[in-house]
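Engineer: First the structure, then my questions, so here it is.
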Amino acid sequence: MSAPVLLIDIGNTRLKWAWCNAGEVAVQEPGRLPTPWQHSGAVTHTDDSAMNTLAAVLRNLRGEGPVPSVWITNVAGPVIAGQVDAALNAAFGDGASVQWVRSAAAHGSLVSGYREPTQLGVDRWVGSIGAHRWLPGETLLIVTAGTATTLDIVTAQPGGQGRFEGGLILPGLALMLAALARNTAQLPALDVEDTGTAAASRLPWADNTHDAIAAGCLAAQAGAIERTWRTLSERGPTRCLLSGGARHALAGALAVPFEMHDNLVLLGLHAMATA
């Protein structure tokens, strides 16, 4: 990289970003996913001051150096896209080269098996690119625990190729908890952070309403992951990768082996930017 690279993942709730210094080479431990950036952060994009904060941080990171190339995924719509464009202009002027990534039928050695490849959520596609880039030749169950929880399947193909097979989408843990509180008369409202006791319990049920809600929502999430993992594992070795803002809450509830990564979408953007 002759110039820095800025990676931006605009999700439904938060904007996550990572800054890769020019000339830095990603180092991977054998069989593990790297985190090939030197600075990273996140803002809640519904916060009125979020874009000003982002612009100030990026301006400081650049300093007197060259303008970065920018790679972005966005699932939050055109309004936030315009706000991010304005923040980038505030940080770098109009000199930044910005790539708004879209889903496609293939990228490198990964082929999309989606019925309509361009209709696949770009976050799911790019996250799969990132995982496959560093774990070629492996069948992967990629779990992203965010506003929605997505399960995406990449199967190993001959010659190190990969195929995105499809996946599942279900309400995220926070959405499940909020739906119960909103649509019932007497059940309390819980946050994702309130599920820790249920996740640590040796029993899959609870003796109080608070923990019963947490245990039920965790069981729904974990059950989808474990069922999919078992189905894939019947065909051959499968690695489960867990990412997203609620990954730590889900981690305590899973009964299958998994590996965590901070942000697979940013990892996929890095793979595309450095291809």
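Using the three backbone atoms N, Cα and C, a Cβ is placed for every residue, glycine included.
For ASP9, ILE10, GLY11, ASN12, THR13, ARG14, LEU15, LYS16, THR147, the entry in Swiss-Prot reads ATP binding site. The feature substrate binding site is assigned by Swiss-Prot to TYR114, GLY121, VAL122, ASP123, ARG124, THR209. Annotation source Swiss-Prot lists active site, proton acceptor at ASP123, citing sequence analysis.
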Engineer: Around the Cβ of VAL122 (substrate binding site), how many other Cβ atoms lie within 10 Å? Please give the count over every shown protein chain.
Structural biologist: 21
Engineer: So of all those binding-site residues, ASP9, GLY11, THR13, LEU15, THR147, which one's Cα sits nearest to THR209 (substrate binding site)?
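Structural biologist: If we rank ASP9, GLY11, THR13, LEU15, THR147 by Cα distance to THR209 (substrate binding site), first place goes to THR147.
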Engineer: Find the longest CA to CA distance in the recorded substrate-binding set TYR114, GLY121, VAL122, ASP123, ARG124, THR209; express it in Å as a whole number.
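Structural biologist: Value for the max Cα separation, rounded to a whole number: 41 Å.
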Engineer: For GLY11 (ATP binding site), which of the binding-site residues TYR114, GLY121, VAL122, ASP123, ARG124 has the nearest Cα in space?
Structural biologist: ASP123
Engineer: According to DSSP, folded down to helix, strand and coil, what is TYR114 (substrate binding site)?
Structural biologist: coil
Engineer: According to DSSP, which kind of secondary structure is THR13 (ATP binding site) found in, if we only use helix, strand and coil?
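Structural biologist: Assignment for THR13 (ATP binding site) reads coil.
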Engineer: Nearest to VAL122 (substrate binding site) by Cα distance: which of the binding-site residues ASP9, THR13, THR147 is it?
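Structural biologist: Result: the closest of the binding-site residues to VAL122 (substrate binding site) is ASP9.
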Engineer: Tell me, by DSSP, whether ASP123 (substrate binding site) is helix, strand or coil?
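Structural biologist: The residue in question, ASP123 (substrate binding site), is helix (DSSP, three-state).
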Engineer: Please give the greatest C-alpha separation between any two of the ATP-binding residues ASP9, ILE10, GLY11, ASN12, THR13, ARG14, LEU15, LYS16, THR147, in angstrom, as a whole number.
Structural biologist: 14
Engineer: Go through GLY11, GLY121, our binding-site residues, and report the one whose Cβ sees the most other Cβ atoms within 10 Å.
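Structural biologist: Compared across GLY11, GLY121, the most Cβ atoms within 10 Å surround GLY11.
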Engineer: Mind checking which of THR13, THR147, THR209 has the fewest other CB atoms within 10 A of its CB? They're the binding-site residues.
Structural biologist: THR209
Engineer: Considering only the binding-site residues GLY121, ASP123, ARG124, which fall within 10 Å of ASP9 (ATP binding site) when distances are taken between Cα atoms?
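Structural biologist: If one measures from the Cα of ASP9 (ATP binding site), the binding-site residues that come within 10 Å are ASP123.
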